[in-house]
Amino acid sequence: MFRPASRALLRAPAVARGPASRRLISTAPAESKPRSWKNTAVRLGLAAGAIYYYNTSNVFAENPSFSLNNQLKKNSAEEPLPTLDSIKPRIREERESAAPKPNAEQAPAQELPFGEGAVKSPQELEEEAGQEAAFNPETGEINWDCPCLGGMAHGPCGEEFKAAFSCFVYSEEEPKGMDCIEKFKCV
């Protein structure tokens, strides 16, 4: 009634036999009839013609033949771009108009000397920080007396620090300053 397991394992599995009439195109047998030389020549000619048309036609060109962007660029090219010399006077005027003019009563109060431990208001600190930035992108100057540099520019390694910091400021490498690491290691 039951077969022993060893006999069932030794026996080869029966392959399911069903209708194998459907095949995919990729698994279909190759045609037994060889193509003629004329057929091969026509196929190669069509392929060469398609490649030639692709390489010489304007249909597949990178730049479109008509574009609104081209017209906008031509109009903007006629306008001169602002230069640093043309921007400086405008920036100075904005700063002067934005800065409140001190009255006679306020002037003596501002001239009082503050000690190093004196407490300043947040507005005064912001104004001082705006004036004492390490680098001014408008003029391209580096303020070596800026307290944010911690006096490194005037210390024992001052010249090395100036070279390294200048390299960092003017670096165009991404991420910023990657080409200046060795100079900072020397400091």
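Just so you know, the numbers here start at 1 and follow the chain as drawn.
Keep in mind that glycine also has a Cβ here, set from the backbone N, Cα and C atoms.
Of the listed cysteines (CYS157, CYS180), only CYS180 is recorded by Swiss-Prot as the disulfide partner of CYS167. According to Swiss-Prot, CYS148 forms a disulfide bond with CYS146, chosen from CYS146, CYS157.
Feature annotation (Swiss-Prot): of 47-57, 157-167, the stretch labelled motif 'Cx9C motif' is 157-167. Helix, strand and coil counts from DSSP across the motif 'Cx9C motif' (157-167) read 10 helix, 0 strand, 1 coil.
Taking CA atoms as the reference points, CYS167 (disulfide bond) and CYS148 (disulfide bond) are 17 Å apart. Per DSSP, the compositional bias 'Basic and acidic residues' (87-98) is made up of 12 helix, 0 strand, 0 coil.
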